[in-house]
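Copied over from TrEMBL:
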- 1-112: domain 'SHSP' (DOMAIN)
- 96-115: region 'Disordered' (REGION)
- 103-115: compositional bias 'Polar residues' (COMPBIAS)
Amino acid sequence: RLELYDDPSSSRTTAILELPGMKSEEVRVHLDKDDTLLISGERHSRMPSDQGGDVKYLAKEIKYGRFERVLHVPKGTMMSTISAAMNDGLLAVSWPRVPPGATASSHSDSATPQS
C-alpha cells in the first residue's frame with residue numbers, strides 16, 4: 001500500500017510504501033528515461049514450511065513474491081535528486097516537486113534504499 005503526499009511547506013513530493021519484513025537490499029528504486037520511478041523487489045517467506053519443512057498453515061494471508069509500483073515524477077528529474085530510505089518496514093521515497101534546472105535529459109539510473 002502507498003501514501004503519496006505533497007507538503008506545501010516542503011519543496012519535495014514523498015511516497016511512503018508499506019513493505020513489512022523487507023530489508024533495504026531487497027528493494028530497488030529505478031528511474032527510467034520517461035520520468036517513471038519504478039519501485040520493485042521480491043518478498044520471500046521465512047517460514048520453515050515454505051523451505052521444505054513439515055509445518056502446516058492454519059491461515060495464510062501474507063503475500064509473497066515479486067512486486068512493483070510505478071510512480072510518475074516531474075520531467076527532467078535526476079536520480080541524484082531522489083532520496084529513498086527504509087525504516088521499520090516503511091520505504092520513504094522523495095523527489096523535488098520541480099527538478100533543479102528543469103532541463104529534460106535522457107537518464108536511466110537505479111539505487112538501493114538506505115536503512
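A Cβ is built for glycine as well, from the same backbone N, Cα and C atoms used for every other residue.
Per-residue confidence over the domain 'SHSP' (1-112) averages 86 (mean pLDDT, predicted model). Counting residue by residue with DSSP, the domain 'SHSP' (1-112) contains 13 helix, 48 strand, 51 coil.
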